[in-house]
């Protein structure tokens, strides 16, 4: 039978054969294996019904994958041997390949993943630990695209260009790997979920990969998976206004705006999408978002992200303009010291200037924090490590090409 999700299901009761035709069938089944990692509970329920099993198996599998971080079906003790045999032939549980992992002395962790077939493309994820009033907080910054099409002038990811959207398995796989890194040496029965917060602030614009991102966040919120609070899952956007309204209709998560400028001329320069959706439209969309459905818990305020660029957007008048812009929008402001990257056209604002900027906002009644710089020793700024890895890869390929050319010259001369 062929399911709606394109799964070829073999008859496990049929007698096995060593014929060439049977081998061909097995190869076709392997090609059609579906990855369960990125499937929602509803999709898993449909999957199990399509292979002739009960829907409750979906919850069992989700817990094994996302709460105990088990990918080997043989370790799933409440799944029968017969069902495991069937599943092994039609599905897999596969996270993105980790090509680099770096753990900073300050607790920050960073992974570079290869996604796609063959040599694939590179994306990265950063985990930032912190202490708060609830105890130890671990915030994971997740990527949604390979590269980014928005080309914000201060962002290293945008300089790499846009390649493609990530799939749900590639998005949720980042969360899976981060959690699994804390429990890989822990007995299965004692494993817990380490990541407490997720921010969709990594490589790419999440709202331009809308369906896979919303799908992945729904898995984060599912009690059979990560069971995260709506207030602890945040989507950050540079300002794709129509999709902010669509997000409000589909999912209740916290919203962050990558603002970075308090007026349209400057934001046009720093965040080019502002030319299409200027500040007036963006702020109005943010106001609609937090008032949707009676101001639910995840939507009491919007987080405003503001990177501090020396001599560009950090003057006293910029702080005053920001106060005026946000006066009717319940918001928390996060000032971000700029992380320079190779050939960056900007520098980081001085500590004194950042503190003065913060004081103006705080005096106006805003909650305003300064993001602590972490992971400097592992290039934890978004896009930096992927850029370095890609650069090393290009240099290695160029060197191999030169060696091959020299060898060809030597052979021709000999």
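Note that Cβ sites are derived from N, Cα and C of the backbone, with glycine treated the same way.
According to Swiss-Prot, the residue from 218, 236, 362 that belongs to the S-adenosyl-L-methionine site alongside 204, 205, 258, 259, 260, 339 is 236. Between residue 152 ([4Fe-4S] cluster binding site) and residue 205 (S-adenosyl-L-methionine binding site), the C-alpha separation comes to 11 Å.
Counting every protein chain shown, 24 other Cβ atoms lie within 10 Å of the Cβ of residue 155 ([4Fe-4S] cluster binding site).
Take the CB of residue 205 (S-adenosyl-L-methionine binding site) and look out to 10 A: across all protein chains shown you find 26 other CB atoms. Around the Cβ of residue 339 (S-adenosyl-L-methionine binding site), the number of neighbouring Cβ atoms within 10 Å comes to 20. Here the domain 'Radical SAM core' (134-377) has a mean pLDDT of 93 out of 100.
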